[in-house]
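Scroll down for the structure; my scribbles are underneath it.
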Amino acid sequence: MLCWGHSAFGQLGLGHDFLTAVTEPQACRLFQERLVKEVACGRNHSAFLLEDGEIYTCGLNSKGQLGHEQEGLEPVLVEALAEEHIVHVACGDSHSLALTNKGQLFSWGVGNDGQLGLITTDSAIAVPRLIKKLNRQRVLQVSCGSWHTLALAEDGQLFSWGQNKHGQLGLGKGFSSQASPQRVTSLEGIPLAQVAAGGAHSFVLSLSGAVFGWGRNNAGQLGLGDEEDRASPCHVKHLRSQKAVYISCGEEHTAVLTKSGGVFTFGAGACGQLGHNSFQDEVNPKRVLELMGSEVSQIACGSQHTVAFVPSSGVIYAFGCGTRGQLGTGHTGNMKCPALVKGCWAAHPGQVSAAVAGSLAHHVVKRIFSGGDQTFVLCTKYENPLPADDFRSINQANYTNLINDETVELWQQKVLEHSNSNSINAVLQSLASSACWNGSFLEKKDDEHFRTSPKIPGISLGSIRLLFEKLMNSEHSRLLEQVLKSFESFVIPQLSCCPPDVEAMRIYMILPEFPLLQDSKYYITLTLPLAMAILRLDANPSKVLDNWWSQVCPSYFFKLVDLYKGAVLYLLSGRKTLLIPVLFTSYITAALRLLEKLYKVNVKVKHVEYYKFYIPEISSLVNVEEDYVLWAINQAREQLGSSVTQDSLTFCSYPFIFDAQAKTKMLQTDAELQMQVAINEANLQNIFMLLTLEPLLARNPFLVLHVRRNSLVGDALRELSIHSDVDLKKPLKVIFDGEEAVDDGGVTKEFFLLLLKELLNPIYGMFSCYPDSNLLWFSDAGSSAAFGLYR
């Protein structure tokens, strides 16, 4: 292991001989016989995690941050953690945290801002203590800012605690410093890959490359285009399309690594730590141009400097503040452009000639670490080198649990064994987490999931279907019960009306693939609550879901349509015994409104034929005539500005579900209604005229046509032309000139028989006959005389 930088307090672990600035890499010989896994750097102290799970610390120990009472000039074992197997370590300004293989967190050091998470604000705690509030969580990652801490649990929940002067805890406005872990609820549902804390700012990275930052922003270190602090996570939109895979934070600057090996930096640049050939701050992410010709695989930020590793050449670049030797260039000046760290570096033996290899002790980099004013590099022997870590290849063990074939088999075993309640609870926590589901079926072909947007969900529907089919096998019945319970009790009830990001909306595409949604036994507990959750979405996320539905294959879309048609039928069939009226109305309204939402999408993209929305059974289950009357009354009330009661459900508000038979009933009812209205209006006017002594102005409540048998069509047109549209809605009576018959229905019937016979006469050219079907339809090219017949 090599190290360089500030060593006044022994934080490099080099002993008494190096208590000044170390300006070029020096070998840390204490661990020559031990394998170091990682190094964490605080402002003036360091922690070394060995492969066997032991922790050694060195440096300043004024606040107990070393976890022991020894002088910190050389690394000393933290004996209080000797019984634990530590897998990760993190350091803040003057506090430290250790993560065990069981997912438990221990903390020690200064705690007066609550950064230890121990519900105490003691100024110094020298012996590591368990953070009990997180006992029910299995923590995967921890990151320390100067005075605050972030932790990511395996179910995707993010916790923060410590100082909150600049909103770095992400809890929103009005929150003071927190002495115990608090959930950052505004990010729930997003599958997180990494957490990173800077001086007083914080970042998280999603599995699909979305970057969110919050906290102090005095130098633009959040990359949001301004210098205003944020108390809640904000999406860094400039990085959305860059395929970000790793984030490192300095005291007031931030560096982001992309999948292609590019490096973006932003924030404070007074010491050149951004590498943009200037000493200016940057409020927006900007690519380090000097590194564009190299593919970077590792980055690390110190307080005011940045380090980058290029695997193809095996060299390390550093830029920023160098006054304490933290750049490793052999000088103590600041560098505004990436500079080579001094040393003999090699990517692998094949890249160095035999003559050179024999004369120089080359270093093959395994991993770089930086923090405070110090930098460490893990190296492997040139003769037998190990491949360098690649921060672009995310280790699945370190981020939000994924639900896939491997975890299904593992969880199935845990559920069947019933041996460890904690293990079963961990399974339930993951199954109940939207974040776990949202990150589990990413479309990785051509990195499609990195393109997740309001128009692209970035998931593989086929993968979802295969996993659910596997769960439906009898051998997984116990696990299926847990999935069902999680969906019913947690996932669906907790769906937000305003998801924090499009990645948190994938759950709305995943749930409809769950086969039990198609089972009528679960309509009330699964299918209809899902519809209600979808309908609760705010305008923007609702539009996103419409866009995604527009992109799916027709079979998926039809499955949704068929699902909620089935729910409507189920509710109508059992309306008298199934539910109390209020619940019935709310459930069936939800199903109908969701069908309406799907119908509007289908109008634009034509996934399925319009008649696929028909519910033929509706005519036998609903009194269409009464429903239409109620609908007409509601429409009249709305036009008059009167409120319509919520329980006044009318199926006629959703006409797309009616087939021809039901629509015929509706039209007949409408005709009868309009006829009755016309009669009533005429009668009311007649009464008014009688009262005003103007009986001559009385109106006939019937539409009376006077026609001659030898000029039936012409007379009918003449009579119709002299009547208003209101008159045309009245009951019809026909009088044949010269005949005394009273029209009680028979004369009208005869009139229509004769009229239709005339209209079908080819001389009018009003209809065309189609030989193939022997059917008649209105002619497209009738004679000019025929146009007068259309009205």
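Heads up, the Cβ atoms here are built off N, Cα and C, so glycines get one too.
Some features that TrEMBL has for this protein:
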- 1-52: repeat 'RCC1' (REPEAT)
- 53-102: repeat 'RCC1' (REPEAT)
- 103-155: repeat 'RCC1' (REPEAT)
- 156-208: repeat 'RCC1' (REPEAT)
- 209-260: repeat 'RCC1' (REPEAT)
- 261-312: repeat 'RCC1' (REPEAT)
- 314-381: repeat 'RCC1' (REPEAT)
- 724-791: domain 'HECT' (DOMAIN)
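Mean model confidence for the domain 'HECT' (724-791) is a pLDDT of 75.
Shown for the repeat 'RCC1' (53-102): DSSP residue counts in helix, strand and coil, namely 3 helix, 19 strand, 28 coil. The DSSP breakdown of the repeat 'RCC1' (103-155), given as helix, strand and coil counts, is 3 helix, 23 strand, 27 coil.
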